[in-house]
Amino acid sequence: MKRKIVILLGPTGVGKTELSIKIAKLLNAEIISSDSMQIYKYMDIGTAKPTLEQRKEVIHHMIDIVNPWDYFSTGAYIEIVKEVIEKIFEREKIPLVVGGTGLYLRAMTEGIFEGPDADWNLRMELMNKERDNPGFLYNLLKEIDPIKADKIYPSDLRRILRALEVFFKEKKQISELQEKLTKPLSYNFIKIGVTRERKELYRIIEERVDKMICSGLIEEVRNVLTLIKRNATSLSPLPALQAIGYKEIAGCLADLYSIDEAVRLIKKRTKMYAKRQFTWFRKEKDIMWFDISGRHDFEIIAEQIYSALSEILHK
């Protein structure tokens with residue numbers, strides 16, 4: 001019989017962090033973050049990491065494991081997570097995966113596409129063409145791989161670059177290659193989803209962004225930019241700097257627009273990201289959904305989820 005792993009998923013701002021800690025205590029679990037930006041060191045406020053106090057309450061994994069000037073693939077994430085999961089089981093605890101990033105979750109449960117290594121010279125060549133002619137790369141991808149282009153936002157240069165890079169190196173469309181996935185991790189995944197009414201979620205997001213600014217996000221971004229400038233070995237776009245909050249504040253610090261405009265953009269893009277997460281998670285199979293609209297009684301919500309989980313975990 002496959003060992004069981006619990007996944008707690010939901011859109012950004014829904015309350016997963018606080019809820020996960022309470023569920024973990026009830027389950028005697030350790031938490032594994034599946035957030036692609038919480039992996040980066042020094043990026044605490046903008047990624048809404050669990051506080052140090054929260055991490056003392058329950059052991060957390062996959063947080064602060066990579067420098068923001070480094071690159072970290074989904075494949076690398078999975079390799080580390082496999083070891084983390086086994087060690088949690090050795091301690092006779094339950095792994096509680098909290099996310100987050102749909103790609104990480106899907107890689108765990110369904111497998112991952114293993115593409116070629118990054119070609120920085122090719123990426124720089126493509127980026128130079130994009131600078132000379134904005135929109136060039138997305139239009140090129142639409143010609144080469146229209147199926148993949150339909151799934152990527154025109155502004156998502158990192159994913160557009162990767163799709164083009166794979167095509168030029170493999171001579172095949174990434175949409176075709178992604179059908180040939182590696183095997184998923186060999187566990188029984190129990191998926192719990194938490195959601196809120198969209199209007200309420202958007203209000204929470206706006207309040208959270210304001211709180212991040214008041215908590216020192218601008219200074220945090222300035223510090224991260226200084227560290228990257230001092231340590232980065234490549235001029236290629238860094239995934240860490242594409243994180244919502246960091247990208248917009250960096251633009252403000254570069255005098256591209258005002259702080260008010262940066263805050264407006266962060267709120268707008270965070271809402272768009274939450275909407276994409278809704279769409280992504282709704283496509284996932286076998287999720288037990290809990291609508292927590294209007295609720296912040298996380299102790300009671302955790303007990304309700306634990307009650308539902310207990311029957312499944314002890315089968």
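In case you wondered, yes, glycine gets a Cβ from its N, Cα and C as well.
Swiss-Prot lists Gly10, Pro11, Thr12, Gly13, Val14, Gly15, Lys16, Thr17 with the feature ATP binding site, giving sequence analysis as the kind of evidence. A coil conformation is recorded for Gly10 (ATP binding site) in the three-state DSSP classification, outside any helix or strand.
Contacts of Gly15 (ATP binding site) defined by a Cβ separation under 8 A and a same-chain sequence distance of 6+ are given as Val194, Arg196, Ile292, His296, Phe298, in order along the sequence. In the three-state DSSP reading, Gly15 (ATP binding site) counts as coil. Summarising the annotation, Swiss-Prot assigns substrate binding site to Thr12, Gly13, Val14, Gly15, Lys16, Thr17 and lists sequence analysis as the type of evidence.
Within the same chain, residues 46-47, 49, 62-64, 77, 98-101, 103-104, 239-240, 243 sit at least 6 positions outside the region 'Interaction with substrate tRNA' (35-38) and bring their C-beta atoms closer than 8 Å to a C-beta of that stretch. Look at Swiss-Prot and you will find 35-38 tagged as region 'Interaction with substrate tRNA', backed by sequence analysis.
Counting every protein chain shown, the Cβ of Thr101 (site 'Interaction with substrate tRNA') has 20 other Cβ atoms within 10 Å. Taken from Swiss-Prot, the feature site 'Interaction with substrate tRNA' applies to Thr101 (among others).
Annotated site 'Interaction with substrate tRNA' per Swiss-Prot: Arg123 (among others), in sequence order, evidence recorded as sequence analysis. DSSP assigns Arg123 (site 'Interaction with substrate tRNA') to a helical segment in the three-state reduction.
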>> Suppose we draw a 10 Å sphere around the Cβ of Pro11 (ATP binding site). How many other Cβ atoms does it contain, all chains included?
In response: 25
> Any idea what the Cα distance is from Lys16 (ATP binding site) over to Thr101 (site 'Interaction with substrate tRNA'), rounded to a whole Å?
Replying inline: 13
> Highest CB neighbour count within 10 A among the recorded positions Lys16, Arg123?
Replying inline: Lys16
>> Name them in sequence order: residues not among Gly10, Pro11, Thr12, Gly13, Val14, Gly15, Lys16, Thr17 whose Cβ is within 8 Å of the mean position of the Cβ atoms defining the ATP site.
In response: Val194, Leu201
> So how many of the residues in the region 'Interaction with substrate tRNA' (35-38) end up helix, strand or coil by DSSP?
Replying inline: 0 helix, 0 strand, 4 coil
